Amino acid sequence: MHSQLLGMVQRAEMQRPMGTERVELMEMGSRRLHQSPPQPQLMSTQSPNMHRNGGVLRAMAKGGNNAGHTVVVDGKEYDFHLLPSGIINSKALSVIGNGVVIHLPGLFEEAEKNEKKGLKDWEKRLIISDRAHIVFDFHQAVDGLQEVQRQAQEGKNIGTTKKGIGPTYSSKASRTGLRICDLLADFKDFSMRFKNLAQQYQAMFPTLEVDVDGQLKKLKEYAERIRPMVRDGVYFMYDAINGPPKKILVEGANAALLDIDFGTYPFVTSSNCTVGGVCTGLGIPPLNIGDVYGVVKAYTTRVGIGAFPTEQLNEVGELLQTRGHEVGVTTGRKRRCGWLDLVILRYANMINGFTAFALTKLDILDVMDEIKVGVSYKLNGKKIPYFPANMDVLQKVEVEYEKLPGWKSDTSTCRKWEDLPVKAQNYIRFVEIHVGVPIKWVGVGKARESMIQLF
């Protein structure tokens, strides 16, 4: 038998899931993520080798350090942006795919911060695709300048993280971008192309200042630091899938509603963060995609600007924000909060075809007397069976809610289904029935043991 591509976790909420077995996909949708117990894998301490007996592989396929996840393991909180969260597992390999855009200073800064929290030998377990595009410092500067320009011209901006993600994907699409393979090849040629790209942006933004020589010097140093980690990503993934049996998990970054094609455009990210992005972001055939797990909170949140039909600009929203500690890991911005929106979940499922959901942060609702759930939208007095593409239209929808009684008891100590209050069980089943996707996990706290597996 060959490797099992275990899946993608696709976040289904309003904020920023031949002859071989399958890849499982998971996209991280909550700040409370729980690492699975370490799986056995034999690997060289010098260079990662997939041709060992068994193994675990975690991969990221798109986005950059514009998204963040807080992962709690053994009481320690780790913050990840570019590093796959599986890097904590000392017996697993982690892959940054070709669809990811990489800011090298940010990568090493992130690693150093997590090293202080106990992360060890990460560089021996990390694989970087040679086809991944590079985020330069001037991309980040341009990101900020574009936001200022939008505010001046339109009176509003997109609310980007200013991490240079959009400008880098723009360079990629216009075929002027530079990749990891370019950095590791002829540095003279790389330097020339780098200078040309910087000059293009300076022509568009006259106030943009770029220390070309200084940045090239740093990039040359980073090139040598990452060289041992870089592989031909397509062959590496092919070899992983078709080699000795192993578990492969692809974790996402941004949520379904931030997808460049299917999200709340233009208030979206610059990549495909739904299931299709896994194939293009790692070079994986669709045939090899296995289970697709969506991660969704028991309520809805969003960071930044954009339509949010179930948002609660009242004491309910404040309570969810406070109890849920809803602050963006990357930007530090408070998340906007509202009731769970099943229209969004059904829409995300249409695109991703979820195998099951992980419903997280159920415990945040423990104090509610009554809980509302958005079940449908009305437009001009008529129910609509779709999620509107146009943001002006989405702003006008009327949400139809169903009310459920709160359970008014602490669920944070629950460890199995039977421990949950009946009214909490009813809430979970209500979501399952209305979305048509089973809930496999329920999260009631930050710790690993706070994740209840239902089947």
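Even glycines carry a Cβ here, placed using N, Cα and C.
TrEMBL entries are annotated by machine, without manual review.
Per TrEMBL, active site, proton donor is recorded for His69.
Here TrEMBL flags Lys172 as active site. Sequence-distant contacts (6 or more apart, same chain, Cβ under 8 Å) of Lys172 (active site) comprise Val101, His133.
Annotation comment: TrEMBL describes Asn66, Ala67, Gly68, His69, Thr161, Arg175, Asn254, Thr269, Arg333 as IMP binding site.
Here TrEMBL flags Gly68, His69, Thr70, Arg335, Lys361, Leu362, Asp363, Gly443, Val444, Gly445 as GTP binding site.
Taken from TrEMBL, the feature Mg(2+) binding site applies to Gly68. Every protein chain shown contributes to the tally, and the Cβ of Gly68 (IMP binding site) ends up with 20 other Cβ atoms within 10 Å.
The substrate binding site annotation in TrEMBL covers Val329, Thr330, Thr331, Gly332, Arg333, Lys334, Arg335. Residue environment of Gly332 (substrate binding site) contains 9 other Cβ atoms, counted within 10 Å of its Cβ in all protein chains.
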Q) Among the binding-site residues Thr161, Asn254, Thr331, which residue has the largest number of other Cβ atoms within 10 Å of its own Cβ? A) Asn254
**Q.** Cα distance (Å, whole number) from His69 (active site, proton donor) to Thr161 (IMP binding site)
**A.** 15
(Q) I need the most crowded of these binding-site residues: Asn66, Thr70. Count other C-beta atoms within 10 angstroms of each C-beta and give me the top one. (A) Asn66
Q | Alpha-carbon distance [Lys334 (substrate binding site); Asn254 (IMP binding site)] in Å | A | 16
Q. Between Lys361 (GTP binding site) and Gly68 (IMP binding site), what C-alpha distance do you get in Å?
A. 17
Q. Nearest to Val444 (GTP binding site) in three-dimensional space, by Cα, is which of the recorded positions His69, Thr331, Gly332, Arg333, Lys334?
A. His69
